[in-house]
Amino acid sequence: MVDFPGYNLSGAVASFLFILLTMKQSEDFRVIGPAHPILAGVGEDALLTCQLLPKRTTMHVEVRWYRSEPSTPVFVHRDGVEVTEMQMEEYRGWVEWIENGIAKGNVALKIHNIQPSDNGQYWCHFQDGNYCGETSLLLKVAGLGSAPSIHMEGPGESGVQLVCTARGWFPEPQVYWEDIRGEKLLAVSEHRIQDKDGLFYAEATLVVRNASAESVSCLVHNPVLTEEKGSVISLPEKLQTELASLKVNGPSQPILVRVGEDIQLTCYLSPKANAQSMEVRWDRSHRYPAVHVYMDGDHVAGEQMAEYRGRTVLVSDAIDEGRLTLQILSARPSDDGQYRCLFEKDDVYQEASLDLKVVSLGSSPLITVEGQEDGEMQPMCSSDGWFPQPHVPWRDMEGKTIPSSSQALTQGSHGLFHVQTLLRVTNISAVDVTCSISIPFLGEEKIATFSLSESRMTFLWKTLLVWGLLLAVAVGLPRKRS
């Protein structure tokens, strides 16, 4: 018999034979699950099942249900009791072990009140002593949402714009338009977003060139359930409504506001009309979620974007004349950009665009000397708290721009910019230079002046002082030794 250093071959053979004799063979221990995906509707209960073969009791076998990691299970059943220590938090109190069938190796787990987050793959894992087996199951969650709503914008130069909206769908639905003959119409834009519950909101926009004799349908299709919901709009009928002949106006110039100030977004109907029975909506680029929605005399909080909650106030003193102002409290850099103001009644709306420019003048620039490179100093100009991104040139006393050696603009967590710029001092004959930080469209700037000549003299005197001290030490040491 051949022996390897530190290893006994006869002992290894004995261990191998022991394992063969004690290990359960895979052909005698199998786990099977459903042959097809399990379909469950949002809000319903789902039953996940699997079976141990050959059929035998699973009372003293560990059964573990998990999603992706066995260490964080959906449910664990061991020695006849539920084990909850490592259970995923989102399944606590929402899963139920079904006892029926465990004597024959059948196990089942019921998940109550199915949500979109439950969609996907699950694993059923058996552990009995030294052997384990598992199988996977696919749970398909589906939900039919609301029937689509079709909103029509009053006629414009390019035709009539239709916006189809639907919410509460899962998975992501398909939205398409059809004419009166059932032929597909091409949407000009589509938008989908998942809400906090995982359900989809869908929006599709269509432009109809010939609105004189058209009925148009919008259909929303669930690809899992192969079911759909639809709505039809008659354009000639809608063109006779009140809002089709009105216009919405807003400020002709951009609205300028500084960070921390309150924003005023005003829009009004022309000619004047009472808007008390209308829906008025301010949004960014899509109808949902919105900045603020007024409907039936009240604010609709459920449609509001999270970043505007608690920050909007509607001024409706002149609502009977069709004039409304939305106040957004304490402007932030993220508020900067385009807004839309929409008046809607009987699914017909008119809109105006508003351009909001949020600005912040930062701190006065500070110039420090960062040392030297190739025998020259490196003046650095820095400042905090700017928005939008500022313009940061160095200039000589004649106003001519001097190229910087580097410039860094970083945006902080609140959206404000911090700027740092280093001056290229090589071959500069200027005595003084300025660091100017400005926001071009605001027409304001902050300036700091730096004297190169004084800094060179200060730098020279510091250098001479250091050399003088070194020389004194060098001369004094030999005398002390003597």
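Backbone N, Cα and C define each Cβ position, glycine as well.
Taken from Swiss-Prot, the feature domain 'Ig-like V-type 1' applies to 29-140. Note on the domain 'Ig-like V-type 1' (29-140): DSSP counts are 9 helix, 58 strand, 45 coil.
Under DSSP, the residues of the domain 'Ig-like V-type 2' (142-234) split into helix, strand and coil as follows: 0 helix, 60 strand, 33 coil. Here Swiss-Prot flags 142-234 as domain 'Ig-like V-type 2'.
Marked as domain 'Ig-like V-type 3' by Swiss-Prot: 236-355.
The feature topological domain 'Cytoplasmic' is assigned by Swiss-Prot to 1-6, with sequence analysis given as support.
A mean pLDDT of 90 is what the model gives for the topological domain 'Extracellular' (24-482). Marked as topological domain 'Extracellular' by Swiss-Prot on the basis of sequence analysis: 24-482.
Positions annotated as transmembrane segment by Swiss-Prot: 7-23.
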